[in-house]
Every structure is written in structure tokens, then in C-alpha cells.
Amino acid sequence: MSTPPFFEYRDGTLYCEGVAARDLAARFGTPLYVYSRAAFLAALEELQSVFAEFDPVICYSVKANSNLSVLKMLAAHGSGFDVVSSGELRRVEEAGGDPGRTVFAGVGKTDEEIAHALKSGVLMFNVESEAELDAIDRVSREHGLQAPVAPRVNPDVDPQTHRYISTGHKESKFGMDITRALRLTERARDMAGIKVVGLHMHIGSQITKTQPYADAAAKAADLVATMRGQGHAIQWLNLGGGFGIDYRGGEAQPITAYAAVMAPAIRASGCRLALEPGRRVAGNAGVLLSRVIFTKVSGDKRFLIQDAAMNDLLRPSLYQAFHKIWPVEASMQPPDIPAGHDGSQPGASDAWDVVGPVCESGDFLAKDRPLPPLERGDLLAVFSAGAYGMVMASNYNTRPRPAEVLVEGNHARLIRRRETYDDLVAAERDCEGDRQEGLGQGIATGGSSASANGSTGHVLASEPSRVPIAPN
Ligand SMILES: Cc1ncc(COP(=O)(O)O)c(C=O)c1O
Ligand SMILES: N[C@@H](CCCC[NH3+])C(=O)O
């Protein structure tokens, strides 16, 4: 691809734009998510320009990386948003994003969430079922409003991706098959609280073939014509996200290749285009830095135990997902691993299981991965970690979640401080307060004993509890 490398090795060490990764690790501690501002914006701008003919709204999928600073940056560069909860919508609003360029998806919207989205004026609701349509109609009428909606249709195409992240097939919990969708739009004609303005499809994630998009777009264009025949003024074709990225190297398609196969159908539909890319914008804009705690040999296996675990980056454990991993101090970029090959070399003398400290056998970032010599204290970079990384992190094993840093040129800015032990127990201490002071008196006020600092180091502070616990 023509974009400059945002993460590259220079003089034997990894840089993010103009900042050395080792300096970031020293300043902010590890594990640490590091993002390149230029990488996010290059990916967004590529989508905006390649699809420009269709006056698109690129609705960045907030679930991929929902950091407020990331959303602010994208909003300032004309991004719309795709949200799946009131929480995500609040993030967009707090970041200064435009609800009028935001689509609200998700299979289980509550009445409260529907009301929130209606009042904030979202561009449209992606409707996933008839029951949901009824709920949106009812809530809209209660508020004297009319909801713009786009039924989510499963075109029953095979996206040729991991089965856990494919969604456009008939058995999916998401969306509706074509027959049901048309039944829904038929009923919607009589609903005062509903205005059908678009059609939505999202067939899966990390899709590296173009054919599934060609098939889905063609079915979408036909369906738009049928829905217009029912009397709906369809203005929007929302073809979702799913565009794949390079995890191994060489598997991603240029956006122009997807656009080339989708364009004829979009043109035929006469609609404006909405897209919901997440991974394509965020995935290769981030790396996760970690530090080796111990090396260990057990039988024939060699383990690199480092301080990033499944709670920090879940994808390898959950999907057996492949991420390149390479020392921060190295003379060359990590090698590409051909598609269809997992990169593992069982028994190779330089092969390591890269694991974390979490008490699960499934806690690994890579298996049997050939790596240059490494020892305690060395830094590692886990690549392609900008999407579905921090957002899927948890506190399992009472591990504070990592800090996040955004790099712009030669400048690095902390955009989420490292969690502290106090952050993790604050909600529990609030309840202990209730018990001690009597029901109703210790209701949480939003205040906590969380430290305002915590921006450096990976020390798990072991402070004495500040709230005395009542005797039983
Ligand atoms: C409805 C919807 N839109 C957009 C996305 C973003 O997908 P991706 O990150 O693969 O672009 C998802 C996640 O797969 C989704 O479920
Ligand atoms: N979380 C997934 C993708 C799911 C996309 C959300 N619909 C991943 O890490 O690849």
C-alpha cells in the first residue's frame, strides 16, 4: 500500500512516527498501547476519498477502539460513527461527534437506549428484528418523534473469515433474511413512529476477499428497488464494515479493490453510501508494548513470560488470532508470515510460546513463534493491536488495564492513564460503605478513592483499604 510506515525500525529500534518505542515504555510503563495519529487519519482519509463518488458517511465503528481522544481526532476529520450502545453514543457525544452522522446498531437495544438515540438525533437505527421495530415505533411515538431506520439484512453470503466474526449468513443472530426484512418493511408502512430511510448489511469482519462484498452489494441494490416499490423513500445504503487488514503481511486488499466490485451496485441503487469500518481504521494504527518478565523452559517448550496477558489483548486466546510479535530492539522489521501459515515452528530452537502471567492455559499471545534471542527486561511489540485490543481488555486476575498513548510526529500524549488497584476496587468499596453506614446512605456519588495519577510504571500499588469494613 502507498501509506508510509507508521511503525518502523530505525537504527536498531522501533519507532512510532518520530518517537522511539523504548522511550515510551520507559516513560509510561508496560503493557502499553501506542497509537499513531497519522495511521488512523490515513486510513480514514483513504476510505473517504476512494468512495467520494457516493457522498459517503464513513461511520467509524466505535467498538474497535473507543478512546475519547481517538473519537475526537476522527470527528475533527469528518468521521461519522457506528455505535452499539448508549455508552458508545455518549462517548461520541462527549468527543464532539455528530449524532446526525451516527448509526445505531445492535441486536438488543433497550427502550432507554432507543430514547437516547432518538433524542440525540442519530442518522438511522439499524433494525435487527421485528420486535425491535415495534419497540422503536412505540418509543418514537411516546416522544412525538419519528425514527429513521434501516433494516439489517443478512444477504447469506460467505465472508470467508473466522466463523466467530462472520455475521451475514442465514443462521446469524444479527439481522434478518431477505424475506423477513421485506415483511418488516411492509409492516413499517403503517407505523407512525417509523420512517424507513435505508438498508443495512454487515457481513463479517477481517474480510480479505472482494467477492463477498460484490455479492452483498448486488443483493442490496436489488432489495433497495423492492423496498422503493413498497413505497419507502430509501436514501441510504449502509454496507457495514469488515475490510480486512494485514496481520501477517500481504493479506489485505487495497480499498480501491473493494470499491471497484461494490461501485456498480451502489451506483445502481442511487443511494448515498454509509460504511462502518472499525478494524481498517484502527487495527494497524496501534501496537501493544510489553516487557519480558522471565524466560522459562519446560520439557521441550520455551516460554517467554511477559507482562501483557490475555486480559490486555484477548484476540489470540479468543480467536487464535495471529499478531506479529517482535523485539523493540531489532535490526529489522518482523518477517511476514504467509497466509494460511500460523507462524509457529514447533520444536525450532528459536521458537517461543509468548505468554502472560494470567492463570489460564489459554493465556498466550503466540505459540511456537520463532524470535530473535530475548531475555528478562527486553521489550516486545505486538503489532496490529489498535482495533479490538484495549476495548476487549478486562481486569481478570485483578490486573489493571494498560495505559494508552497517542503519538503525533515527535510528540506522545497519554490518552488513558494506567488503571490502579484503587480503580479496580472502587465500586466494591462503595458497597462496603453502604453496608457500614446503613442502606441508602452510602449511595455512590461518583467519587472514588482512585488515584489521579497512575500514568507511569506497572506497579500494582498495595495500599491499605481506606474504607473500614464493618464487622459481620
Ligand atoms: C454492525 C457492525 N458494523 C461494523 C463493524 C465493524 O467491523 P470491522 O471492524 O470489521 O470493520 C461490526 C463488527 O464486526 C459490526 O458488527
Ligand atoms: N472483536 C473481533 C471482531 C468482532 C467485530 C465486531 N462485530 C476481533 O477482535 O477481531
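In case you wondered, yes, glycine gets a Cβ from its N, Cα and C as well.
Substrate is bound by Arg279, Arg315, Tyr319, Glu360 in TrEMBL, and the record lists one more residue there from Tyr258, Tyr388, which is Tyr388.
Site annotation (TrEMBL): pyridoxal 5'-phosphate is bound by Glu276, Pro277, Gly278, Arg279, Tyr388, and the candidate from Gly242, Gly343, Gly347 recorded at this site is Gly242.
Taking a Cβ cut-off of under 6 Å from any atom of ligand 2, the binding-site residues Gly242, Glu276, Pro277, Gly278, Tyr388 reduce to Tyr388. Confidence annotation: the domain 'Orn/DAP/Arg decarboxylase 2 N-terminal' (44-282) carries a mean pLDDT of 95 in the model. The recorded positions under consideration are Lys63, Arg279. Their Cβ neighbour counts within 10 Å are lowest for Lys63. Candidate recorded positions: Lys63, Gly242, Glu276, Pro277, Gly278. Nearest to Cys359 (active site, proton donor) by Cα distance: Lys63. Between the C-alpha atoms of Pro277 (pyridoxal 5'-phosphate binding site) and Lys63 (N6-(pyridoxal phosphate)lysine), the distance comes to 10 Å. Taking a Cβ distance under 6 Å to any atom of ligand 1 as the criterion, the recorded positions Glu276, Pro277, Gly278, Cys359 reduce to Glu276, Pro277, Gly278.
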